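The feature domain 'Radical SAM core' is assigned by TrEMBL to 43-269. The [4Fe-4S] cluster binding site annotation in TrEMBL covers 57, 61, 64. The feature (3R)-3-methyl-D-ornithine binding site is assigned by TrEMBL to 134. Feature annotation from TrEMBL assigns S-adenosyl-L-methionine binding site to 159, 181.
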Ligand code: 5AD
Ligand code: FES
């Protein structure tokens, strides 16, 4: 095991081994990565205020609670003024960055609205607030338009880098095409976005080897940021039918932390988010991720009224707290995890800075 902790790079077999560790060996692995990583990258943790501004979605992913075919989802769309206010809140509270996320739409009413919104947010925050967007698959022109309007990071999870598994969790059609998704990631990189991706962990039919391949995919793709967390079955989705073959929730949680630690070994200088889904299983889930390799946390600052409706999965945490409560509780939690908050810093991925030689 000690050899794996200092190797230049790791093979698929070595990664599978690390991801599947249990018991005292696992404890040793997680602690060693945590210590090594604090020594090299430091203690800083960056906040991204997350605004889930709409749950209207034109896609039908088999795992997702806001999929188009879920008639039981109460749909909402927060108006621009309220989104801008949330951005000002993030700026005033020294969050450094904002993440705008919604269900996927590509009509021009939507794409132009986002362009205007990005410009308005930049203006309202003196150009100081970093803006990440997570708005799904779009054309190159739209990605460019949004980049020019002020977004500089993009999150688009690949969900699984294994094509066969991808089509077990998505319909196999025009709108859910594996190659298109990969091409979107490449386009985002070409335009100059700091590009983030990620996967769900503990999906039905998923193996340790596939998870190891996911980590190698991030490396091959030269990804700057990763967000990955446990899959949590949602009753109103097709994947719920496979609930009996899923790993127990605790196993999904444990393997998620193993994935984060293994990725930190494989890609020491990228940004890794402590996914909110971790907290749906363990109240201290995100803090644990911060101990073992994650360096980004995304406080939910969506206006409270709508938070309960953005239910990608059930038992989603903090859906009834105001943004202010959330940030107080988070700063205490971050300190408890032995980390420091990088107030008002964009916290760009060091990997990206090395590739492009610039940061704020
Ligand atoms: N369980 C866990 N994560 C989910 N996501 C969507 N549905 C679920 C679920 N049931 C994740 C996907 C998506 C991100 C916004 O939320 O990875 O990319
Ligand atoms: Fe909305 Fe997958 S269900 S993008």
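Cβ from N, Cα, C; glycine included.
Please treat TrEMBL annotations as automatic predictions, because they have not gone through curation.
It should be emphasised that the depicted structure is a prediction, and the values quoted were computed from it without experimental measurement.
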Can you tell me the three-state DSSP label for residue 57 ([4Fe-4S] cluster binding site)?
coil
Rounded distance in angstrom between the Cα atoms of residue 159 (S-adenosyl-L-methionine binding site) and residue 57 ([4Fe-4S] cluster binding site):
17
Other CB atoms within 10 A, centred on residue 64 ([4Fe-4S] cluster binding site):
25
Near ligand 1, which of the binding-site residues 57, 61, 64 are found, taking a Cβ distance under 6 A to any of its atoms?
64
Count the Cβ atoms, other than its own, that fall within 10 Å of the Cβ of residue 134 ((3R)-3-methyl-D-ornithine binding site), considering every protein chain shown.
19
Which of the binding-site residues 64, 134, 181 have a Cβ less than 6 Å from any atom of ligand 2?
64
Separation of alpha carbons, residue 134 ((3R)-3-methyl-D-ornithine binding site) and residue 64 ([4Fe-4S] cluster binding site) (Å):
15
CB contacts for residue 57 ([4Fe-4S] cluster binding site) [other CB atoms within 10 A, all chains]:
21
Give me the sequence-ordered set of same-chain residues, not including 57, 61, 64, with a C-beta within 8 angstroms of the centroid of the [4Fe-4S] cluster site's C-beta atoms.
59, 60, 63, 65, 66, 67, 68, 103, 104, 312
